[in-house]
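Peer 1: Before I ask anything, here is the structure I am working with.
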Amino acid sequence: MPLVTTTEMFKKAYEGGYAVGAFNVNNMEIVQGITEAASELNAPVILQVSAGARKYAKHVYLVKLVEAAIADCPDIPIALHLDHGADFEICKSCIDGGFTSVMIDGSSRPFEENIAETRKVVEYAHDHGVVVEAELGKLAGIEDAVNVSEADAQFTNPAEVEEFVTRTGVDSLAIAIGTSHGAYKFKPGQKPQLRFDILEEVGRRLPQFPIVLHGASSVPQDLVKVINHFGGQMPDAIGIPEEMLRKASTMAVCKINIDSDVRVAMTAAIRKHMAENPSHFDPRQYLTPARTAVKEMVAHKIKDVLGCAGKA
Ligand code: G3H
Ligand code: 13P
Ligand code: ZN
């Protein structure tokens, strides 16, 4: 089937009490690992592209890779989404360039400015059959080289969400409830916590409206150990416990963003392979286990965290 928007995916996810995985893509092995896992498990999937990914791989290569994945996995719905679009221009460029979904991230702007920029993107996107995700509240961590310190991070105010959604006409909304970007989400000894009360209140105020969770990697400790054992340095890397993500999936959260876990899986596989095979210099030799690691990670998320296996 051709690329789809997320409208149908989110409707089914909300009703079914599960979430769809949105995985960041930067190269062929990542696209293949994700879509092969989704296809084998008959799951819907969102492939998302950041500004950094477009800079690294070029827009056209990423779109062509996703087109190839559609041809290779014709039976599952796949959406192509812009992750953290900073302004109208990048959103327009992706809408014009074949994406079916864009995020306008106005979370660092004042409320009225966030509304105005989001509204502008929504008008253009909807005229072109594309859906829009926006963000209200600030996550800590690193988004495209913008480092939001913990002190600057702010939970979403549920009282603002209705006004924001009504005035912008946006299709889904990312909220801040304690997740953060990257592999260092909590300090050692700190108890991971998410503000489920905020999520519940948002769900009550906006029934049936799809909520998005960014910064949702769990940073599996077995893989961090592999990385550190084979020469890496990721001390104190800590993510969101998977049971919390499972719980969020049964609530209003319909899209869960995962990037760091795919990076960790690939890096662990490549470090191990290189350490155990010092004579190898053909990239296919170490990118094959890396691609398998992506596939295994995504399959695990689909089956054990998101609950979207068999929902294509
Ligand atoms: O939210 C950020 C995503 O993990 C994308 O990261 O900007 O390094 O591609 P990136
Ligand atoms: P992680 O860094 O937790 O994987 O979050 C990714 C993300 O939110 C992409 O938008
Ligand atoms: Zn994000």
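Yeah, the Cβs are placed from backbone N, Cα and C, and that goes for glycine too.
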Peer 1: Kindly point out which candidate in His59, His214 is recorded by TrEMBL as part of the Zn(2+) 1 site with His84, His181.
Peer 2: His214
Peer 1: Do any of Asp105, Glu135, His181 (binding-site residues) have a CA within 10 A of Asp83 (active site, proton donor), and if so which?
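Peer 2: Of Asp105, Glu135, His181, within range: Asp105.
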Peer 1: Can you tell me which of these binding-site residues sit near ligand 1, meaning the Cβ is under 6 Å from at least one of its atoms: Asp105, Glu135, His181?
Peer 2: His181
Peer 1: Write out the long-range same-chain contacts of His214 (Zn(2+) 1 binding site), meaning residues 6 or more apart in sequence whose Cβ is under 8 Å from its Cβ.
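Peer 2: Correct list: Glu135, Leu139, Ala174, Thr179, His181, Asn257.
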